[in-house]
């Protein structure tokens, strides 16, 4: 009785060691087993053969695609043990099957593939029970199916048929399913064993190794499917593995499979060919090779016991390919972050490199998936999590910088680009990207100048980008000239800008941008004939460049060729019908050439474009705004609310530092004012709403030119509903008050506009004139001189200053102002040249 209990405990311990792959303990247990005479030596032979075979494979791991190994001295002992166990025939049926499986495995390792298949034919793998089988036997069966599949691939068939291919794939799929079941059961048993024993560290706490055969069973089936052009079945196999309840051993494999499936979904599957993971795959799919359509498409086997899968009522299931790919990549990213090897010690160098490469692939795929949908905000957040990998890794830093740029986080993007420059100091495109941000949304001109000079200082290393460096520094100087408050400073920066643009143009004579910006700078400096020559050169290089066409029109208007300018604008609009800067200029030119009614028609057209182009809703739309323009237009249509694009001030341009500051003040005050009103707040990005407001203000200006204050006031109210504290809105209210003859009210509106934007030249000029009418000459002169400091090319301000000086009896100074006004007016465009954006 005691011997039986002891034997039972011993067999249980043997089973546990086999399940947990603790082969070093098996010989001692076999010795105890033989000493107690509980069983014959055949079981001992089986166990010794198994442990020696597994130990050999652990010390000499097989590799994918390895050639036959042939007999090995250590394997001779394995064959001796297994042959003894099989030949005597004293083993129980289950152990006899195990011995045959081990012998077949040995034959494969030695390259005897036909012999291995012969052993599998004797065993009848499909009849081996999975229900109630010990954990270690699940592993043996899974390995047996994988080994059989490998042997079938190695042994050429008499005639290749789809049945043979189906048999191979079935072997691998069965192996993979049973392997998942084994790993789930082994982990459960391991956890239970640890809980039952005293909690002390030991080998039982280690993760189970997957091994060559189990890994082959899990990965080989989908490889064959994809090789055969059967994408549908390959995707289905991926999903089956991923739906199985996870174990620690399969985490790395799951991350690899999730990443591979995501790549297939992004690259090889469109929305029309997608099917949900919970649906049956289509029987005919455009994803598959048409010559093999229907071959090996669906499973033709069943198992008595399958691995557990995730199930429940509230599980998320993706409904389209990008959604599933993104889910897979986010799961892969979380696993990559969790398993990151960050140690810099030499021993961990290889692991760290592998960890980095794995994570980089995931983040590159995330970039593709999120970039397609324009989700740059989310992408930048994902890449920020990658920074734990990014020490001295240029690729991840650069990806983060680009995502921050695309997400509109310009200030942070510049900081990241500085790190990229440190990592690759000889790469000219990186500082050029930083300049692009500095001269564009940030208006950090000093920083932009330093980045541009980095490219110039590279010399010949920068190659063709050196011209871009001069172009960038020229833009910085041009913008600094616009910002400068002293005329001497403005002229100095304009001179530097012209020199930089001329250098860029000489280095890259075929670059239309160099010729265009040189023309624009000459135009701003009022060198109109020279500017015309270079803008024509830019158009010869790039005939459809919208900014060059716009500049040509403005230059023609500066020469008072208004009809020619209007023809150029209409030609440009035929190519760029939704460009609002062109449409603003068209309104001005039409008012002069064809009358205000035509200009109002264009304003209404702009509203229609705005509505179709932006899918936003005007919060102040009361139904009346859409009919304002219809009073002067016979074609009456209902216009709903809309939204707009351009951030720039159509009169002064958006690049001026003070106008940027003013726009931010306006935004903050408008948000406060909107919160105090009963109307719903604006939704969506800011600059579309600013464009809408500008359209209404242009319409108001046309109505003022028609001496219709009521209609102008209604249009201004529409703009005010969007931005109640905009200096442009307040200025327009002052214009309307002047039209009605209420000078005190007009003065108040202009003063309020200047309190928001102290450098708004138009408000300063009108305020100066009102003060002149009120005979407050000294204050009027002060305001107008300040306006001249802000914009020394505003001819109407010079003219008003001359009138004030003349009223004060300063005839000589007044005459000089009038002459300056006449000279400037002779070269004054219909709208300032700075309406054209200056950006790299």
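Think of each number as a place in line: the chain as shown, counted from 1.
Note that Cβ sites are derived from N, Cα and C of the backbone, with glycine treated the same way.
Here TrEMBL flags 2-383 as domain 'Tetratricopeptide repeat protein 7 N-terminal'.
Remote same-chain residues near the repeat 'TPR' (394-427) are listed as 360, 363-364, 367, 371, 376-377, 379-380, 383-384, 386-387, 433-434, 437-438, 440-442, 444, 447, 454, 458, 461 (criterion: CB distance under 8 Å, separation of at least six residues from the stretch ends). Per TrEMBL, repeat 'TPR' is recorded for 394-427 (among others).
Each residue of the repeat 'TPR' (727-760) gets a DSSP state, and the totals for helix, strand and coil are 27 helix, 0 strand, 7 coil. Annotation comment: TrEMBL describes 727-760 (among others) as repeat 'TPR'.
Mean model confidence of the repeat 'TPR' (795-828) amounts to 90 (pLDDT, 0 to 100 scale). Residues or ranges marked as repeat 'TPR' by TrEMBL: 795-828 (among others).
Same-chain residues lying 6 or more positions outside the repeat 'TPR' (795-828) and placing a CB less than 8 Å from one of its CB atoms are 526, 528, 558-559, 761, 764-765, 768-769, 772, 777, 780-781, 784-785, 787-788. Across the repeat 'TPR' (795-828), the DSSP tally of helix, strand and coil residues reads 29 helix, 0 strand, 5 coil.
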